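J.: Before I ask anything, let me first share the structure, which is written out below as structure tokens.
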Amino acid sequence: MEEFLRQNYVLLVRSVEMLAAIIGVFCLKKYKHTTAKYFIYIVIYWVLVDRLGGYMTDINNYKWLHFIKPKIEGTWFEKNYWWYSIFSFFFARLFFILYFLKILKNKYFKQVIKVLTISYVITYLTYYAIHFESLFLYFTHISLKIFGAAIIFLCCIFYFIEVLLSDKILNFYKSLNFYIAAVLFIWELIITPMSFYNVYFTTADWNFVVLKWQIYLGAIMFMYLTFSFALLWCKPQNN
């Protein structure tokens with residue numbers, strides 16, 4: 001399993017990501033008059049961010065990119081922490097929060113999310129203004145991850161409450177938004193706690209590295225395959 005993951009992890013992840021992105025593009029016409037089109041944009045964005053975030057792997061693997069390596073060796077850009085901290089953990093979460101603000105109906109729920117989101121943005125910017133170098137040297141600070149995940153959790157919970165209190169409960173399994181909320185809830189529930197153990201993510205402990213790969217691979221495949229299924233299965237709905 002260890003050798004299999006070493007050789008095929010990136011291929012498996014990129015395959016399910018590309019599948020979701022391609023299906024999203026294919027379904028754009030289907031959802032063009034609904035809020036769901038913004039979800040498709042977010043999925044495509046997330047896939048592009050993850051693909052471009054592997055720039056060091058590409059630089060090492062493709063000869064025509066080798067000339068870049070000496071230019072960034074020893075610089076802040078040698079590691080991709082900054083890329084994922086900004087474009088994945090920060091912007092991707094913001095985009096999903098904005099999506100929930102579009103589909104939520106309850107004014108109180110929306111107000112709570114807005115206040116928390118503004119607080120999150122201010123906290124994130126303030127932290128990295130003070131600890132600028134850490135943006136390039138470490139994973140996103142655990143407190144920021146938890147804050148962002150908590151807002152996503154709350155968005156999902158508010159959506160579930162609205163569904164339970166409306167006629168949507170009768171056909172919830174046909175709603176794309178239900179699958180989005182359910183998958184994101186499970187995703188954050190799995191991935192966020194893993195951040196506490198990033199200190200052990202080194203080649204000195206391959207057992208943990210392989211375990212983390214397995215968990216991430218399972219979570220990623222579950223998320224993108226469910227998104228792909230939901231885009232094809234669900235019918236467009238006016239929000």
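Using the three backbone atoms N, Cα and C, a Cβ is placed for every residue, glycine included.
TrEMBL labels come from automatic prediction, so no person has curated them.
Found this in TrEMBL, in case it helps:
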| type | residues | note |
| --- | --- | --- |
| TRANSMEM | 6-26 | transmembrane segment |
| TRANSMEM | 38-57 | transmembrane segment |
| TRANSMEM | 81-101 | transmembrane segment |
| TRANSMEM | 113-130 | transmembrane segment |
| TRANSMEM | 142-165 | transmembrane segment |
| TRANSMEM | 177-201 | transmembrane segment |
| TRANSMEM | 213-234 | transmembrane segment |
J.: For the transmembrane segment (6-26), give me same-chain residues lying six or more residues beyond its boundaries with a C-beta closer than 8 angstroms to one of its C-beta atoms, as numbers and ranges.
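T.: Hits for the transmembrane segment (6-26): 40, 43-44, 46-48, 50-51, 54, 57, 213, 217, 220-221, 224-225, 227-228, 231-232.
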J.: Which range out of 38-57, 142-165, 213-234 gives the transmembrane segment (81-101) the most CB pairs under 8 Å?
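T.: By the under-8 Å Cβ criterion, the transmembrane segment (81-101) pairs most with 38-57.
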J.: What residues elsewhere in the chain lie close to the transmembrane segment (142-165), defined as a C-beta under 8 angstroms and at least 6 residues from its ends?
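T.: Contacts with the transmembrane segment (142-165): 89-90, 93, 96-97, 100, 103-106, 109, 112-113, 116-117, 120, 123-124, 127, 172, 175, 177-178, 181-182, 184-185, 188-189, 192, 195-196.
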